[in-house]
Amino acid sequence: MRILGIETSCDETAASVVLRDEEGRGRILGDVVLSQLEEHSAYGGVVPEIAARAHVEALDALIEEALLRAGVTLRDIDAVAATSGPGLIGGLIVGLMTGKAIARATGKPLYAVNHLEGHALTARLTDGLSFPYLMLLVSGGHTQLILVKGVGEYERWGTTIDDALGEAFDKTAKLLGLPYPGGPAVERAAQAGNAERFDFPRPLVGDARLDFSFSGLKTAVRQAAQSLGPVTDQDIADVCASFQRAISRTLRDRVGRGLKRFRADFASVDQPALVVAGGVAANQTLRRTLQSLCDEHGFRFIAPPLQLCTDNAAMIAWAGAERLAAGLPADGLDAAPRSRWPLDSEAKALIGSGRRGAKA
């Protein structure tokens, strides 16, 4: 089956065509991603209205290009998958409405996909991974440890109780005057730094639960930067390196406890696996930390290619293909975008719920 995927949840506009064969193997036939980095860099972060307008301007052409690269037309597509949440509501509306229009015009089924499910299932596209497995989702908006039991079957074992890890990177970069996006800037600066100069806190280390916390670390970084007076390039490098060291040590404890729990709960799984997903998964220091941790616990470590860690439509198309193959019902044209949409939406919220519902 061939699935057209559409992704517009934040500041990347993307379209992709993915093939899923009868044996369940996946192949990306055509994939296009347009970053809005230039549009938002002057503001030091994503501006929702600018993002939505950019999606409107770019999406149609990107869909045409993805189809062209795949060598197919809309008649050859078996279904349409569009991100329906979580994310910025303006962008979600653009992508989902476009998906609905294509589905209506072609008579093909529509799958309104949870963006987080796209991340959760990417390892099955790239590595043919079998269920169950453990996923660490680390992005600008989410830090979660998730048990992936099957298509549509997810259980959050841990989540951030305050800032997501990607937020911590971005805010650290902003405090130090580094450019947007903050994650890559912090990683580059850290390469020349002394990771032992600052002893930053490791939030929740030793706690029996599997949740994460990064607001205290962010505060410690701010206090360290303010104590230095005029900050030199070496100071910035040392702060970034020490920050990454604290993150690595925190993840070793939090994720390590998750690996032990997986071993206990799924003793019959011969080759357990940890998958890392999300934009922060591109950080090489964190990848090395997780690889070492998996080696110690006898887990297979799977990190998708960098282009599939950040937002992309291939993972959305693949999630649609997985749902279609699993016999899950398609969505109607009344499917609504959701700014908040936890993967385990039927479960009790692990953290607070505001007026907009449970946090993802």
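Cβ atoms are placed via backbone N, Cα and C, with glycine included.
These features come from Swiss-Prot:
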- His115, His119, Asp311: Fe cation binding site (BINDING)
- Leu137, Val138, Ser139, Gly140, Gly141, Asp170, Gly183, Asn283: substrate binding site (BINDING)
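When the neighbouring Cβ atoms lying within 10 Å are counted for each of the binding-site residues (His115, His119), the highest count belongs to His119. Look at Asn283 (substrate binding site): DSSP puts it in coil.
Taking the centroid of the Cβ atoms of His115, His119, Asp311 as the Fe cation site, the other same-chain residues with Cβ within 8 Å of it are Glu7, Ser9, Thr83, Leu116, Gly118, Ser139, Ala277, Gly278, Asn312, Met315, Ile316. Secondary structure at Val138 (substrate binding site), as computed by DSSP, is strand.
The secondary structure of His119 (Fe cation binding site), as reduced to three states from DSSP, is helical.
Candidate binding-site residues: Leu137, Val138. Fewest other C-beta atoms within 10 angstroms, Leu137. The Cβ of Gly183 (substrate binding site) lies under 8 Å from the Cβ of Gly166, Phe169, Asp170, Ala173, Gly279, Val280, Ala282, Asn283, each on the same chain and at least six residues away in sequence. In sequence order, Glu7, Ser9, Cys10, Asp11, Glu12, Ala14, Val33, His115, Gly279 make up the list of same-chain residues 6 or more apart from Asp311 (Fe cation binding site) whose Cβ falls under 8 Å from its Cβ. Close to Gly140 (substrate binding site) in the fold, though at least 6 residues off in sequence, lie Cys10, Ala164, Gly166, Glu167, Asp170, Gly279, Val280, each with a CB less than 8 Å from its CB. Cβ environment of Ser139 (substrate binding site): His119, Ala164, Leu165, Gly166, Ala277, Gly278, Gly279, Val280 lie under 8 Å away, each six or more residues apart in the same chain. According to DSSP, Asp311 (Fe cation binding site) sits in a coil region rather than a helix or strand.
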